[in-house]
Amino acid sequence: MAPWLELVFDVPLDKSFTYRACAAHAGEALVGRRVLAPFGARTLIGFVISESHSSPADCGGAVGTFKEIIRVIDREALFDQTHLACARWMAHFYLCALGQALCAVVPSRKRERTLSSFASCAGVRRTDTYALSGEQRKAIDAITASTGARSFYVHGVTGSGKTEVFLRAAEAVLARGKSVIYLVPEIALTHQVLQEVYVRFGSQAAVLHSALSGSQRLGEWRRIQCMRHCVVIGARSAIFAPLKRLGLVIMDEEHDSSYKSAHVPRYHARQVAMYRCADANCPFVMGSATPSVEAWYAMLRGAVRRLPLTARVAGGAPPRVEVVDVSKEALLLSTRLVDEIRKTKEAGYQSMLFLNRRGFSYSFQCRSCGYTLCCTQCAVPLTWHKRVGAMQCHYCGRQEAPPESCPCCHSFDTRYGGVGTEYIEEAVQALFPEYRIARVDTDALRSGHVQQTMEQFRAGKIDVLLGTQMIAKGFNFPTLRLVGIACADTGLHTPDFRAAERSFALMMQVAGRAGRYVDNGLVIIQTRNPAHPAVVCAQHGDCESFYAQELAQREALCFPPFVRLIRFVFRSKTRRKAKDAAYAAHALLTAQMPLGADVLGPAACVVAQVAGSYRMQILLRAPSFPVVQQVARSFLDEFRAPAGVYVESDVDPVNVL
């Protein structure tokens with residue numbers, strides 16, 4: 001008789017389902033393969049997690065009530081027991097169903113497609129490797145001499161050679177016959193790292209990232225399974241790569257928030273990497289010039305070993321950093337910054353201007369009645385994008401034509417408030433019409449021009465590069481002298497406990513692009529809050545003082561890393577339903593919370609409406625993770641959301657907006 005199969009599906013049901021295998025596959029091992037199966041009125045892809053020759057009737061079930069699968073999708077197993085164990089851990093830790101976790105782990109498409117992983121790197125040749133500094137050598141020796149699942153942090157100033165440490169450690173691991181996972185925040189923004197990996201490892205390396213189609217990703221997955229690759233580089237999801245004999249996991253730019261998934265399961269690649277390294281009994285190496293506060297605290301406690309790199313490998317002094325108070329400046333670009341852009345060009349060098357807001361203007365405002373044009377589906381102002389001639393919502397993507405008068409009072413006395421990268425681009429072009437200027441932001445990323453623009457800038461074909469936070473990530477430019485941060489205040493006052501941490505990291509990362517190969521590098525930070533600790537510490541490159549102040553404040557206010565948080569968001573198309581569900585949940589949670597733990601909320605999310613859904617949130621807070629996790633699990637088991645209300649759970653949220 002054909003075996004009985006235990007399946008899980010990508011649905012929010014924390015249970016498995018028993019199906020009959022079709023006769024065509026009788027006798028085949030189906031565990032680890034995907035199948036097409038009827039699920040209620042739908043047909044879904046299921047994951048086979050076990051099989052049995054024992055009839056369900058032996059356990060009291062009626063055989064005739066069990067459905068038969070429609071067909072088997074995979075010729076060979078797509079996942080093994082290692083992946084299944086990881087998915088079980090994720091389901092438990094991140095409060096989701098096993099099928100949802102497994103769906104995040106394995107590729108989703110049915111057919112394979114061949115991909116040349118490093119096609120964009122063709123023709124790149126390896127440059128002569130430079131002599132390692134003493135600090136680099138110590139870091140490499142510490143990593144390669146490690147036995148067991150030890151965590152390290154390569155903490156170095158920008159340009160200190162962290163990538164070389166990672167690559168040399170990877171070479172040593174490969175020489176022992178083991179494999180390596182190399183995580184980066186965003187593949188499209190780390191082309192130089194890709195080139196380094198290509199010239200070091202060639203066909204041994206594979207790329208896994210979100211820009212691959214489902215079929216391309218499946219093809220790469222299969223080749224990794226067949227051991228055609230022993231190095232995998234990629235963004236967040238590359239942590240699940242099916243490598244055999246895993247010997248090292250590297251996480252570059254550990255502080256980057258893109259390592260946290262915004263969708264179920266809302267996993268953080270750092271936590272999954274720690275799990276995989278513990279399972280494989282191998283070292284985990286993180287690195288950044290600006291560690292997350294959690295990572296810094298782990299280093300202070302000795303849970304993670306810090307490996308410092310204090311000097312730039314190209315030599316020379318770090319750039320000089322000036323803070324300009326623009327509270328009395330009439331224009332966005334201060335006189336000081338404009339003068340330095342001109343001097344930099346005259347000296348034959350390049351400039352980079354940073355503003356963490358895309359678009360032309362931030363909002364449409366009426367001077368007569370104070371009306372601000374907002375998205376009808378989201379509780380956020382629409383942003384004016386001059387190039388496409390539309391007001392756009394950066395949450396749901398909705399666009400509409402700009403109004404000629406105030407929609408509320410019909411006044412013509414209106415204005416566009418705030419500025420974005422498009423505005424700066426126009427302003428710089430007006431000031432320097434003869435300069436070659438380019439812009440890099442999310443809009444440019446979608447058009448696929450980022451890599452081309454960055455290569456042109458690196459080749460000296462662009463005089464001034466404008467951009468959002470993506471220009472802060474992993475680029476080296478030989479003749480970049482000046483970096484201007486147009487408005488350091490953009491993220492400082494966001495109602496999120498990580499606001500100062502993010503702003504400090506951005507300022508440090510952007511500043512780190514300046515003067516890597518130029519002796520007189522300069523960074524100009526424009527702000528209306530020159531005394532803010534994040535600005536002061538960024539000006540002096542003083543990480544230790546910033547983290548000390550931030551940790552003291554977090555401890556006083558009972559925020560991570562001194563407590564653990566779990567966030568619940570209740571969303572509904574009806575405001576009243578979302579609110580009622582949140583208050584009902586609050587009553588249930590309050591009754592369950594043990595001594596020392598508390599419930600924050602309910603309250604409307606900072607962004608109270610997204611894509612037409614109203615949002616309320618509750619935060620669970622406790623010094624011990626098992627405590628808060630148990631309360632959250634009990635709550636999810638007991639709470640029954642009303643029709644039309646959806647509950648989202650987020651363990652260790654990176655933002656609370």
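For all residues, glycine too, the Cβ spot is worked out from N, Cα and C.
On a predicted model such as this, the values are computed, not experimentally measured, just so you know.
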*With the ranges 160-163, 252-255, 356-359 to choose from, which does Swiss-Prot describe as motif 'DEAH box'?*
252-255
_Those residues of the chain, 6+ apart, with a Cβ under 8 Å from that of Thr163 (ATP binding site)_ = Val193, Glu196, Asp252
*Between Cys396 (Zn(2+) 2 binding site) and Cys406 (Zn(2+) 1 binding site), what is the CA-CA distance rounded to a whole number of Å?*
23
*Integer Å distance between the CA atoms belonging to Cys393 (Zn(2+) 2 binding site) and Gly161 (ATP binding site)*: 39
*Out of the binding-site residues Cys369, Cys378, Cys406, Cys409, give me the one sitting nearest to Thr158 (ATP binding site) by CA distance.*
Cys378
*Long-range Cβ environment of Cys393 (Zn(2+) 2 binding site), under 8 Å and at least 6 residues apart*: Cys375, Gln377, Cys378, Val380, Leu382, Thr383, Gln399
_Quick check for the class: what is the C-alpha distance, in angstrom and rounded, between Ser160 (ATP binding site) and Cys409 (Zn(2+) 1 binding site)?_
57
_So among Cys366, Cys369, Cys406, all listed as binding-site residues, which is physically nearest to Gly159 (ATP binding site)? Use the C-alpha atoms._
Cys366
